[in-house]
Amino acid sequence: ATVNLHALTSWVGITRLFAVVLSCLTFSLVASTGKFGGPSGTWCMFTWCFCFIVTLLVLLLELLELYPMLPLSWDDFTSAFCMLATLMVFTSSVVFPATFISSPCSSNECARQAVATTASCLCFIAYAIEVGLTRAKPGDISSFLSTVPGLLKVFEAYVACLIFSLLDEYNKESGLLWCVAVYSICFIFTFLIIILTIGRCLAYIPCPLDKILVGYNFLALLMYITATVLWPLYSFRGRGRPSSCDRNCSWDKHLGVTFLTIFNLIAYLVDVVYSSRMVFI
């Protein structure tokens, strides 16, 4: 192995170092309070620890120039990971203070939680900057997942995972079952595209893959249009928000799924536009 100091001194390397330090600081402060129980706290701690470990591993592999030995597309992997880390840390930066920080915040424990939240927000900014630095320039398609359509694939898969985490009481309506089928089918195909791209397997498919991706994006867009209409129609038809609606309220979860469905609809629309321009223009 040879040492490549440019992996640490480049702008991308510096942002990764900041992300490592900030994620480590965040989960250390939260762990010192001992209050991160429940699904929300577990998710936040997993996010910070996962991003810390993978980013540190990326830095070490690039510092020692060992990444060419891996059987994957390194640029696609790092682009997909930094986009995923951006989304995960952003979610944790919102969920953690909303769940664990109460007002007024005057104790030493609350102060550590507030500092951890600030560090998490700065960590999100570091990953977002890395996405901007590694994004493919116009005309450069050597790394698909660093292009706008590739980054949107990661966004679409992540939002679908958030939708799955909020699904509740959908078995009684056929319209809701169709929406769940839409979320599942689109997630599976999008996830397969990401994995096959990172694994350098798309080149072995004997067909015009770029045109197939455009067709898939258009089909997914149509399916999400139906889900955007049917999900709120069947979820809130004749149902107002209950007066005793706590954090696990089914009505609030259905509202969250509605907004996430709209986000993914917009993502697939932008994906269709960009991928069509890349292929046909």
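Including glycine, each Cβ sits where the backbone N, Cα and C put it.
According to TrEMBL, the feature domain 'MARVEL' maps to 7-139, 144-280. The feature transmembrane segment is assigned by TrEMBL to 12-31, 43-61, 77-98, 110-129, 141-164, 176-206, 212-234, 255-274.
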Contact set, same chain, for the transmembrane segment (176-206): CB under 8 Å, 6 or more residues outside the stretch: 71-73, 76-77, 80, 144-145, 150, 153-154, 156-157, 160-161, 163-164, 167, 170, 213, 216, 220, 223-224, 226-227, 230-231, 234-235, 261, 264, 268
Tally of DSSP helical, extended and coil residues in the domain 'MARVEL' (144-280): 109 helix, 0 strand, 28 coil
Mean of pLDDT values spanning the domain 'MARVEL' (144-280): 88
DSSP helix/strand/coil residue counts for the domain 'MARVEL' (7-139): 109 helix, 0 strand, 24 coil
